[in-house]
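Record features (TrEMBL):
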type	residues	note
REGION	82-142	region 'Disordered'
COMPBIAS	95-105	compositional bias 'Low complexity'
COMPBIAS	113-129	compositional bias 'Low complexity'
REGION	171-199	region 'Disordered'
DOMAIN	285-331	domain 'F-box'
REPEAT	398-423	repeat 'WD'
REPEAT	424-463	repeat 'WD'
REPEAT	464-503	repeat 'WD'
REPEAT	504-543	repeat 'WD'
REPEAT	544-583	repeat 'WD'
REPEAT	584-623	repeat 'WD'
REPEAT	627-666	repeat 'WD'
Amino acid sequence: MATSASAGGPGLGAAAAQLDINRAGAAELERGLVGIGRRRARGIVRKREELKGFASLEDLLRVKGITARTLELNRPRLACCAPTAPAQGRPAQQRPRAGEVPGRGARAGGGSSASRGAAAESEAEPSASSEEEEEEDGAAGAGGDLYFYYTVDERWIDYLERTEGGGLVRHARPKMKRKSESGLDGRAQSPGKKLCKGPERGRVLGPCVASPTATFGDLRNAKAGQARCRHVPPMTPPPELQDWLRTFQRWSGPEKLLALDELIDRCEPPQIKHMMQVIEPQFQRDFISLLPKELALYVLSFLEPRDLLRAAQTCRYWRILAEDNLLWREKCRDVGIEEPLSLRKRRLLSPGFMYSPWKLAFLRQHRIDMNWRSGDARPPKVLKGHDDHVITCLQFCGNRIVSGSDDNTLKVWSAVTGECVQTLVGHTGGVWSSQMRDNIVISGSTDRTLKVWNADTGECVHTLYGHTSTVRCMHLHGTRVVSGSRDATLRLWDIETGQCLHVLMGHVAAVRCVQYDGHKVVSGAYDYTVKVWDPETESCIHTLQGHTNRVYSLQFDGIHIVSGSLDTSIRVWDAESGNCLHTLMGHQSLTSGMELRDNILVSGNADSTVKIWDIKTGQCLQTLQGPSKHQSAVTCLQFSSKFVVTSSDDGTVKLWDLKTGEFVRNLVALESGGSGGVVWRIRASNTKLVCAVGSRNGTEETKLLVLDFDVALK
């Protein structure tokens with residue numbers, strides 16, 4: 001606590017006064033600053049003598065044990081005036097003793113003089129007794145009443161002394177730990193107890209307060225010091241004011257409360273506002289700076305990222321806390337960001353502090369999301385190929401795009417440069433299905449074969465023979481791929497050896513869609529059924545019956561199976577038992593595409609609508625429609641944690657908000673839309689969108705559009 005010379009010692013009015021680091025003594029620094037013990041206080045004094053005075057507050061960082069955080073916590077309490085030559089012996093600001101403070105336990109009588117003498121002889125390393133002597137300087141001699149305050153678990157004993165002028169003086173003295181302590185009369189104290197040195201000294205474990213206590217005005221003066229400002233204009237007080245105040249002072253506590261209650265009822269709003277302006281600031285505390293760093297970070301962890309960024313603008317110390325790397329790591333993981341942003345050189349926030357890589361990753365993702373939502377439309381890269389044929393399948397991974405067409409070829413493109421890197425030639429019929437992993441591409445064709453390609457070299461690694469009709473669908477997992485054909489069979493292949501491992505027979509019509517998780521195969525066919533297979537035994541575990549028309553789309557997460565059919569319904573099945581859990585009704589036509597993540601299902605339909613479902617409850621959460629909805633059948637869709645992207649035969653690609661279902665904007669709108677222009681397929685990553693567009697009547701050239709929403713690293 002900062003102290004200053006006043007009548008009788010350091011008073012309440014000095015609580016907010018600043019300590020001059022070029023004049024304050026070790027004891028004064030110890031009790032006036034937060035986190036400064038006796039050793040560091042002495043270190044400050046020694047460093048000051050070594051430097052011949054401090055030039056600025058930052059010089060305190062040269063003292064061993066003083067950190068930037070400690071300096072920031074104490075900066076409001078400190079001042080650095082021009083250094084002056086210290087006086088001989090005791091520090092210049094110390095005053096001669098005016099007498100012994102009553103009720104100081106073992107420090108009564110001649111013992112104090114002896115200690116002072118010992119302290120004067122040993123300035124270089126003052127003893128514990130001399131430290132206490134310094135803190136008691138000027139604390140007595142006023143001849144007033146004393147009021148003591150004790151804290152059981154703390155080492156500090158505070159007491160107030162009422163002076164002859166009627167004011168209160170606060171004293172703070174560190175309770176020293178000794179092997180034995182004596183009371184006022186020399187009796188040994190019991191361990192764990194502290195004697196109360198007021199009129200009722202027999203009580204223990206305070207507080208022990210003699211009436212009258214400190215008033216709000218005393219505390220207000222202590223906080224404001226000499227700089228206390230009045231909220232009312234200067235005026236001559238009414239003659240009855242002092243009589244009124246003396247009457248109020250004589251009343252008991254309950255009587256004062258009653259009088260205040262009545263007084264408030266008779267006040268007008270401007271007077272109530274004045275009370276609030278006076279009272280509220282006295283109870284405002286920067287609790288974050290007062291808490292240990294771990295607790296402060298725990299409190300800040302409950303803030304949303306937007307609020308955390310605003311909190312960082314409060315003050316320098318809050319900004320340092322709000323830059324904590326672990327704090328931002330948790331914020332990133334909440335939104336699905338798994339990796340921090342790696343910079344070659346981390347930028348300094350201030351001396352000793354750096355920007356958080358996790359925070360930079362979060363801010364980068366936020367800017368990417370804003371680019372998706374409302375960013376300036378940069379011209380897309382246009383990748384022309386396949387002449388005027390239909391692009392039947394599209395794959396996108398990393399910076400590689402693979403498009404398959406009914407012109408019997410596949411093309412490999414660079415998403416960065418837009419160049420066609422390879423053209424995969426070998427099929428003798430149109431390509432209608434494909435899968436990709438790293439540099440391996442698998443394709444299925446109307447020529448009844450599958451081919452395994454090396455996308456880097458364009459080489460056909462394997463040709464897989466076995467199906468007797470068009471390979472219409474496939475699903476890759478690890479090094480195995482399952483293919484479904486119009487010959488009503490499914491085949492499991494090893495893409496490294498090119499061998500057919502298993503043949504699954506049981507459907508009685510063309511297999512239209514298939515899913516494979518490495519353990520079970522799920523297939524949907526034109527025979528209105530969905531089948532669950534054990535590929536190792538080539539046995540059908542379940543035949544899921546319920547649809548009344550062809551099954552066109554499937555999703556499988558290992559637990560739930562979701563099937564979409566031409567009968568307008570979507571069914572949710574339990575993969576283990578084969579039971580139908582929910583029948584999702586609402587679409588009016590063929591469900592052509594679906595995507596499932598956790599319990600959220602998004603379905604696109606030929607009725608031009610998109611619906612968002614919760615498969616655990618069977619409820620429809622949102623229907624993406626309204627004035628900006630698609631005007632024709634939905635051809636493809638994809639969704640993330642924030643957005644849904646949909647394409648349609650109307651020649652548009654639309655962006656929707658996943659949570660609210662609101663239309664955000666058109667990402668692509670073909671000029672030929674509505675007159676033949678079509679978006680056949682879309683594939684998206686976090687930063688890019690690839691669209692396969694064209695037409696069936698020649699009004700739109702067949703091409704790929706690549707939209708980039710990434711942000712540049714600074």
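Keep in mind that glycine also has a Cβ here, set from the backbone N, Cα and C atoms.
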Same-chain residues at least 6 beyond the ends of the repeat 'WD' (584-623) whose Cβ lies under 8 Å from its Cβ atoms: 552-555, 557, 560, 562, 564-566, 568-572, 629-639, 644, 646, 648, 650, 656, 658, 660-661
Distal contacts, the repeat 'WD' (464-503) - CB-CB under 8 A, six or more residues away: 429, 432-437, 440, 442, 444-446, 448-452, 509-518, 521, 523, 525, 527, 533, 535-536, 538
Residue counts (helix, strand, coil, in that order) that DSSP gives for the repeat 'WD' (424-463): 0 helix, 24 strand, 16 coil
Chain residues in Cβ proximity to the repeat 'WD' (424-463) (below 8 Å; excluding those fewer than six residues from its ends, i.e. six or more beyond): 392-393, 395, 397, 400, 402, 404-412, 469-476, 481, 483, 485, 493, 495, 497-498
Outside the repeat 'WD' (398-423), six or more residues from its ends: residues with CB under 8 Å to it: 381-383, 385-387, 389-392, 429-434, 436, 439, 441, 443, 445, 453, 455-458, 683, 688, 690, 692, 702, 704, 706
Remote residues contacting the repeat 'WD' (544-583) - C-beta distance under 8 A, at least 6 residues beyond either end: 509, 512-515, 517, 519-520, 522-526, 528-532, 589-596, 601, 603, 605, 613, 615, 617-618
Residue distribution over DSSP helix, strand and coil in the repeat 'WD' (627-666): 0 helix, 22 strand, 18 coil
The repeat 'WD' (584-623), counted residue by residue under DSSP: helix, strand, coil: 0 helix, 24 strand, 16 coil
